[in-house]
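Here's what TrEMBL has on this protein:
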REGION    1-38  region 'Disordered'
BINDING   38, 39, 40, 41, 42, 74, 210, 228  L-glutamate binding site
MOTIF     41-51  motif ''HIGH' region'
BINDING   128, 130, 149, 153  Zn(2+) binding site
MOTIF     266-270  motif ''KMSKS' region'
BINDING   269  ATP binding site
């Protein structure tokens, strides 16, 4: 693992400031050069142990294959003040490094708009005036893929669109998808075929939608490896299909199991001391926490990133969720 002088201070600085060169306005194209992996949390709160474990895995996948490792703050939705800086500090505390700069989605809006303009020019978008309630009722109807938008506004005439605009109904912009399914290949899970619907590209309030932003960002940053929780697997066919429409490369995917509580539910704050700050308050060190995360991945004899990197073999990773009791001290207690 590479070492850098004052790396922690540099990361914290990068978390607070973004160079002007990170606000692209050129048409989105895939960036040439060495491949990259990434970790892209939403700054809605502190990272819990499941997030840290996924971040560790993303780092291991990238560094073990000679890729750059990039950090992206996905701050287009709900943001908690100071959360992004705390998240970066926690990742640094357990020993992870990354390649600058840290990218903030909220500062890249022109890039997303350029992608939307390309799709619109190709006749691949339409306005959607459906309310959230109407969409929820539509996607639970007994037809079409579960959860897929049924295209309610897809066939509206121009007159019908004008009537809805006159009513003051805010319009989202949707993709006019040409397929209902798309197949991706996951490094851990194999071939996966999932639903593709007319996904939202820009919300009614003008905010770029997640699926668009993540596809555009991955290509613009030269990211060719995406490691994330397997709860995002159903979104992957949509994102891969959208990438092909934009003539962008589809990255290599690896979806990893989540961390669950003792009841088999996704880990949450209510489950006890689930953040690094919580664990430190109990007297545990970042190195101890890293050792516990390592053991959950099948590596019981190391509690350093460099040690993990030497042993890391993706094919040996557990394929089942890690069930964690976050109350009390985490084992193994031998870690300082």
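Using N, Cα and C of the backbone, Cβ positions are placed for all residues, glycine too.
Just so you know, TrEMBL annotations never went through curation; they're auto-generated.
Residue 128 (Zn(2+) binding site) has 210 as its nearest neighbour among the binding-site residues 38, 40, 210, 269, going by CA to CA distance.
Maximum C-alpha to C-alpha distance over the listed L-glutamate-binding residues 38, 39, 40, 41, 42, 74, 210, 228 is 16 Å. Counting residues per DSSP class in helix, strand and coil order gives 3 helix, 1 strand, 7 coil for the motif ''HIGH' region' (41-51).
Close to residue 210 (L-glutamate binding site) in the fold, though at least 6 residues off in sequence, lie 74, 76, 77, each with a CB less than 8 Å from its CB.
Each residue of the motif ''KMSKS' region' (266-270) gets a DSSP state, and the totals for helix, strand and coil are 2 helix, 1 strand, 2 coil. Rounded to a whole number, the C-alpha distance linking residue 42 (L-glutamate binding site) with residue 269 (ATP binding site) is 16 angstrom.
Within the model, the motif ''KMSKS' region' (266-270) shows a mean pLDDT value of 89, rounded to a whole number. Ranking the binding-site residues 38, 269 by C-beta neighbours within 10 Å puts 38 at the top.
Comparing the binding-site residues 39, 149 on other C-beta atoms within 10 angstroms of each C-beta gives the minimum for 149. Among the binding-site residues listed (130, 153, 269), 269 has its Cα nearest to the Cα of residue 38 (L-glutamate binding site). Same-chain neighbours of the L-glutamate site beyond 38, 39, 40, 41, 42, 74, 210, 228, judged by a C-beta within 8 angstroms of the site's C-beta center, are, in sequence order, 72, 214.
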